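Features as listed in TrEMBL:
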- 209-361: domain 'O-antigen ligase-related' (DOMAIN)
- 24-42: transmembrane segment (TRANSMEM)
- 49-70: transmembrane segment (TRANSMEM)
- 97-121: transmembrane segment (TRANSMEM)
- 133-155: transmembrane segment (TRANSMEM)
- 175-194: transmembrane segment (TRANSMEM)
- 201-219: transmembrane segment (TRANSMEM)
- 225-244: transmembrane segment (TRANSMEM)
- 256-277: transmembrane segment (TRANSMEM)
- 348-369: transmembrane segment (TRANSMEM)
- 389-405: transmembrane segment (TRANSMEM)
- 411-428: transmembrane segment (TRANSMEM)
Amino acid sequence: MLAVLWIAGGASRSDALGQAVVRAWSWISLIVLALAGEQPVLNRARPVLILLLAAIALPLLQLIPLPPLIWQALPGRERFADVASLVGRPLPWRPLAIVPGATVNALSSLVVPLTMLLLAAGLNYKERLRLPGLMLILVIVSMVLGLAQFSGMNFNNPLINETVGRVSGNFANPNHFALFMAIGCLLAPVWALGNAQRANWRIPVALGLLLLLALTILASGSRAGMLLGGIGLCLGLYLQQSAIRRLTRGYPRWAFPLLIVTVLGLIVTFAFISFSVDRAQSLTRLFGVESGQDMRVRGFPIVLTMIKEYFPVGSGMGAFDPLFRLHEPFSLLKILYFNHAHNDFMEVVLDAGLAGLALVLAGCGWWVLRGIRVWITERDLPEAAEGRLGWGILALVLAASVVDYPARTPLMMAMIVFAAMLLSGSAVRRERTR
């Protein structure tokens, strides 16, 4: 399943060929799991399952046909009702979603996280301990592909709608690729220091890996990716601070801070060298683009206006692209189209209204409360370490979602589910009950 997601799950557009591949494979996996798989244990993953089922229920409810009188009374539907009266036809029963096809696509996309949740819930404790290493392998393979693109190799994946010539790995969007690399910056220290018996050879490998991840992020052209990579690295080192202090025991007290400064200094040095030879696209874009020229900034007031117009019921899941073109002023017209709000929290509220806002708050609230438990009240429990790792991965995705839409790609959906399962602590020591 993960191999299919890596190959075909790097795009978010509904017309990408890879969407059909990953969704078909997800349904096949669900059927096999139902017929021959082990029964998932969802006792401590119940919050994750509830949030996912609520996300599935939203587009389902939006597809229920409504009587004409009720539909045209909903916020933002007046102009569409006027069109029906102009052509002299009665207004038919219509679903709440203004663009039903887009809502059906949004609903169909959720089969991927549902499949990954059920598969992950069937893992025992030892198998779940391998998840971070498996996630890191996916990141490394993607990084190698990104470095090959950086070296000049043209790679055209027909399953995703990537721009040939850009460093985006197995993703269509370089920002999503940079987030994937930032997750690798978090995972690398955890992998290197999580096993004391293998730390002697894992530490130098992880240091080299971190340098390559940093260079790949710089080459991707993602400004947000630079910040997320730094945050991911700091989180990874902080998660393993006890292991680092144990390894530096017997050395002077300044050895640990010096180690951290050395790692960061090496990354900054390589970044400066890349920028000097014009190979760090992220830094080039950072200093070369004014905030007033960024489409995210220019489109922000329009998105706010749209939210006010369709609130509290929303416009329907997945309808941003055609509706933004309906509201887009002439001053924002350009060759490239604005396909998403580039703030997933705002787009969910636009699509689902008050219900979407409640779902966002519930998800973030669970992340905060569960974070308090794994960082404070349960910090000494064995499973709390993996919970903190899951919390950190979700923190990176949430931060990226403020300026982008990474959670809409199938591969990132799988990473989110894995992180949520680590944070929830489901199937902990499951072998005890067998």
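Every residue, even glycine, has its Cβ placed from backbone N, Cα and C.
Counting Cβ pairs closer than 8 Å and at least 6 residues apart in sequence, the transmembrane segment (411-428) and the transmembrane segment (97-121) reach three or more and so form a contact. For the transmembrane segment (49-70), the partner stretch with the most Cβ pairs below 8 Å, chosen from 24-42, 97-121, 133-155, 348-369, is 97-121.
Of the candidate ranges 24-42, 175-194, 348-369, 389-405, 24-42 contributes the most Cβ pairs within a distance under 8 Å of the transmembrane segment (97-121). Beyond the transmembrane segment (348-369), the same-chain residues lying 6 or more positions past its ends with a Cβ under 8 Å from any Cβ of the stretch are 47, 51, 54-55, 58, 61-62, 106, 303, 306-307, 310-320, 341, 391, 394-395, 398, 423. The predicted model assigns the domain 'O-antigen ligase-related' (209-361) a mean pLDDT of 81.
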